[in-house]
C-alpha cells in the first residue's frame with residue numbers, strides 16, 4: 001500500500017520536473033523556443049513616426065503652421081484669395 005502512495009505522489013512531481021526542468025514537451029519541442037518564436041511572430045513591426053509635411057509643430061506640440069498662416073493672412077479667418085477661389089463653389093452650393 002505504501003508503494004502505491006509514493007508512486008501516486010511521485011509520478012506527478014517527476015513529470016512536472018521533467019517538463020519544467022528540461023523545457024520540453026512531447027516530441028521534443030522546446031517550450032522556450034516555441035514561446036520565443038511565437039512572441040516574435042506576434043510582435044508588430046516598429047512604425048517609424050514621421051512628421052507630416054503638411055503640419056509642423058514646435059517643442060510643445062503646438063501647430064506652428066497655423067500660426068504662420070494666420071500671421072500671413074493678418075489673423076483673418078480666411079484669406080481673400082481663398083474666398084475668391086471658392087466663390088463659384090459657394091454659389092453652386094447655395095443654388096442647390
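Backbone N, Cα and C define each Cβ position, glycine as well.
Pulled from Swiss-Prot:
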{"type": "BINDING", "residues": "81, 85, 89, 93", "note": "divalent metal cation binding site"}
{"type": "COMPBIAS", "residues": "77-96", "note": "compositional bias 'Basic and acidic residues'"}
{"type": "MOD_RES", "residues": "81", "note": "4-carboxyglutamate"}
{"type": "MOD_RES", "residues": "82", "note": "4-carboxyglutamate"}
{"type": "MOD_RES", "residues": "85", "note": "4-carboxyglutamate"}
{"type": "MOD_RES", "residues": "88", "note": "4-hydroxyproline"}
{"type": "MOD_RES", "residues": "89", "note": "4-carboxyglutamate"}
{"type": "MOD_RES", "residues": "93", "note": "4-carboxyglutamate"}
{"type": "MOD_RES", "residues": "96", "note": "asparagine amide"}
{"type": "REGION", "residues": "51-96", "note": "region 'Disordered'"}
{"type": "SIGNAL", "residues": "1-21", "note": "signal peptide"}
{"type": "SITE", "residues": "86", "note": "site 'Important for selectivity'"}
{"type": "SITE", "residues": "88", "note": "site 'Important for activity (Pro and hydroxyPro)'"}
Task: Number of other Cβ atoms within 10 Å of the Cβ of residue 86 (site 'Important for selectivity') across all protein chains - done: 12
Task: Around the Cβ of the residue listed as '4-hydroxyproline', the count of other Cβ atoms that are within 10 Å - done: 9
